[in-house]
Structure formats: C-alpha cells, structure tokens
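Q: Before anything else, here's the structure in question.
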Amino acid sequence: MQDTVTTSALLDPSHSSVSTQDNSSTGGHTSSTSPQLSKPSITPVPAKSRNPHPRANIRRMRRIIAEDPEWSLAIVPLLTELCIQHIIRNFQKNPILKQMLPEHQQKVLNHLSPDLPLAVTANLIDSENYWLRCCMHRWPVCHVAHHGGSWKRMFFERHLENLLKHFIPGTTDPAVILDLLPLCRNYVRRVHVDQFLPPVQLPAQLRPGDQSDSGSEGEMEEPTVDHYQLGDLVAGLSHLEELDLVYDVKDCGMNFEWNLFLFTYRDCLSLAAAIKACHTLKIFKLTRSKVDDDKARIIIRSLLDHPVLEELDLSQNLIGDRGARGAAKLLSHSRLRVLNLANNQVRAPGAQSLAHALAHNTNLISLNLRLNCIEDEGGQALAHALQTNKCLTTLHLGGNELSEPTATLLSQVLAINTTLTSINLSCNHIGLDGGKQLLEGMSDNKTLLEFDLRLSDVAQESEYLIGQALYANREAARQRALNPSHFMSTITANGPENSVG
C-alpha cells in the first residue's frame, strides 16, 4: 500500500496529500465503512501522455478550418501537376507544348522563364502573355502600339534593333544577326535603328622606312569607316514594311570624331541595293545622316517604279536642288503618298521641279518642305501647281522666306481647291496685306481645317477671322462624319450648284 501511495504522488501531486491524510487517520489500515475515501488512494491517476490521442486535438481532425484561409490539408499533388512541373523544368531540352491540352499549355506558359533561348521559343510559342513577360523583363518602357499591338512582334523588332545598334564591323561576328533572321523573319515588320557604329580604329604601327629623314610621318592610308551592310538583313526579312535609319553615334564622349557620323559612299550603294530588292517596303526613312545630293539621287534611283512604296522621309540632311529634282522624278514613277524633305537645302529651282511633278500627280497627299529656302519663286510655283492638283491634303512650307506674292497666289488656291485640309506657313514674312489676301481666300473655302500662320507677321484681326472660318469648316466636317447619309441627301436635294454655302 505504501508503494501505491508513492507512485500516485509521483504521477499526480494533487492526490498525494489526500492519500497521506487517509493513511494517517486509519493508522495504515483501510476502513471498511468509508470505501469512497479510500478509493483515490488505491486507484492511480493515469499519466499525461506526451503524444495524446488524435481525438484529443479537435483542430487537427478538422478537414476545413474556416477561420484560417491559408490552412490546407497536406495532400499528395496530382499527377498532372507533377508532369507540368517536370515539363517546365526541362522545357529547354524537351519543348513539348502543342501536344498538351489548352488548360495545361496555359499553366506551362505562365511559369516558363523569359530567358529561354529564342531557338526554342520563337516558332513554338504564340502566346501574347508570354511575350509580354519577355518584353517587360528586358525593357522597363514598352510602347506596344508602335509595333502593331503585338508583344511578340515588339520583342523581336527591339531585339534585332539592339543587335544592329551595337554591331561593330570587323569585331562583332555577323552570325549574331544572321542566325536570328530565320527566327524573326515572320514577325519583324519595322526596323528602326538610330545608331550605326563604325569599325574600331587601332593605332597604326610604323614600319622601318615609314618616316622621312626629317622625321615627319610618311603617307598613311585613311582607315575605312563603313558601317554594317544591310543587304543580308533586308533580304532575310520577308515581311519588312518600314525601314527607319539614322547613321549616327550616341554617347561617344571623349572619343568624338567627325568621321564617326559619316554616311559613306559604300554605305549608300549597299543601302540602295537593299531597298531596291525589298518589294514589301512601304515606308523608308533616312534622316540625320548627312545625305547630300549625290547620295540622295542614288537612293532615289533605286526606288523608281517601286511597287508598294508609300512614304519617303529624307528630312534633316544636306539635300539641295539636284536631290529635289530626283525626288520630283520619283513622284512620276512611283505610288508615293508622303514626301518629307524638311530641313534640307532646297531652293527655288528644286521647288519648281517638285511643283511641275505635283501638277500632274494623283497619289501624293502630303508634302513637307519645312526649313528650306524656296522663297517666293518656289512658293508661287507650288501655288500654281495646287490650282490643278486634286489629291494633296497637307502642305508644310514653314520657314521658307515666303512673303506677300506667295500669299496672293495661295489665296486663289484656297478659293478653288477642295482637297487641302492643312497648310502651314509659319515663320515666314506673309505681312499684313498677305494676311488679308489669305482671309479673302478663306471666305470661299469649306474644306481647310488647319492653317498655321504663327510668326508670319499677319494682323491679329486677320488671324482671328481666319480662325473663325476654320472653326466653321471643322464643325461642318464633324457633322458630315456624324451623319453622312443626311449630308448626301441634302446635296442631292439642293443640286450640285447649291451644295456649297
């Protein structure tokens, strides 16, 4: 009995005092008249288990714990999930995607790394969400609208442009670009390169006999500065529609030299051959590249009778009257709709050549001669051409030393022309009388929507009244756009003689 009490006390101290008190009162013997008092001293208290029975933990037995949204019962992953994870980890070695169900394909694409080799992903993955992640991973600013709204097209166009901008002739392996062409040829439609690096010029080592007796240097051969030749690139892009080039060097710092910015004769010949062979090219831009008359004529000659060319931009170069005559010939031998020769060296003879071609042209809708020096002689020639031209809608003659004689002829154009919607004569010397002449012409015009006369010495009153006439024309155009059927019925009812005014 003593052993029983001792064991009970070790197991549960709360019962030790009761057992000792009972033993002392009975003198070590159990009383038969009080069995209820002696029962705790006989029956040991069960010990607390360190690993209680699962039923003791109600929370553990619950399969759903509503108050803990992050809790979940540990289960074995589905076999499909294990397979998807394995495919993602080994996609570069075994790129299976087309054989999977659509919902499984989406799971794989959502977890693929954007750093996978293009040889694996280019012609296999068409998901725009995947290419969106690739673009955002490489470039913090992405304007997908400039690339037709396609993230895949944007990725390949910008990736190719980045390679071209950092290509160093004689140093960079051409295979870097040529190997990419089969992967991107179906997606690249626009190439915009604003930098072409020249070859690295190493210091020439003088050989014995290269110096004269006086110690002066002998005659040294001028190093070549030709840039990357675009022939193979353009030929490899079967859907190329726009080519925008600037032969310039950025961030040259202390390594500045004038020959870094040369558009060489060989560059010109190579580029001319490339664009002549590209029968899908619709827009060609070559700006800020010091293109003179000779190089411009080479470029323009390669574009004669081009089947689909619609826009030519040679702005901000060194093109003079000879280059303008070449552009005038192009107007007669192409389907060109936009011609931009802004900020060049075109004078009156060049403008007269363009005017002669414009008088018989039926395709051109926009002509930009801003920041040249055609003066009144060239301006009047263009005004005469516009009296017969029925297709031009936009004319920019800002900053061309124009004055009142040109304004007088343009007022006659405004009275009879029904296609022009935008004219810019800013930064000229139109004068007070010229402004009045233009106002008189605007009184009979119902189609012009924009007329820029800033910094042209026009009286404030004339400028205000011209603005009122433009507002009326824009309001009428808006009404026609909102209800074209009503406008046509009105013309039919009133007859053609009453349709204006």
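Glycine is no exception: its Cβ is also placed from the backbone N, Cα and C atoms.
Pasting the feature list from Swiss-Prot:
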COMPBIAS  1-23  compositional bias 'Polar residues'
REGION    1-56  region 'Disordered'
COMPBIAS  24-34  compositional bias 'Low complexity'
REGION    202-222  region 'Disordered'
REPEAT    308-321  repeat 'LRR 1'
REPEAT    335-355  repeat 'LRR 2'
REPEAT    363-383  repeat 'LRR 3'
REPEAT    391-411  repeat 'LRR 4'
REPEAT    419-439  repeat 'LRR 5'
Q: Count the residues of the repeat 'LRR 4' (391-411) that DSSP assigns to helix (H, G, I), to strand (E, B) and to coil, and report the three numbers in that order.
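A: With helix first, then strand, then coil, the repeat 'LRR 4' (391-411) has 8 helix, 3 strand, 10 coil.
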Q: Quick check for me: are there 3+ Cβ pairs below 8 Å between the repeat 'LRR 2' (335-355) and the repeat 'LRR 5' (419-439), leaving out pairs under 6 residues apart?
A: no
Q: Residues of the same chain, at least six outside the repeat 'LRR 1' (308-321), with any C-beta under 8 angstroms of its C-beta?
A: 279-293, 296, 299-300, 327, 330, 334-347, 349-350, 353, 368
Q: Same-chain Cβ contacts of the repeat 'LRR 5' (419-439) under 8 Å, 6 or more residues past its ends?
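A: Apart from its flanks, the repeat 'LRR 5' (419-439) reaches 370, 386, 389-404, 406-408, 410-411, 413, 447-459, 462-463, 465-466, 469.
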Q: The repeat 'LRR 3' (363-383): mean pLDDT?
A: 97
Q: What does the DSSP secondary structure composition of the repeat 'LRR 3' (363-383) look like, as residue counts for helix, strand and coil?
A: 9 helix, 3 strand, 9 coil
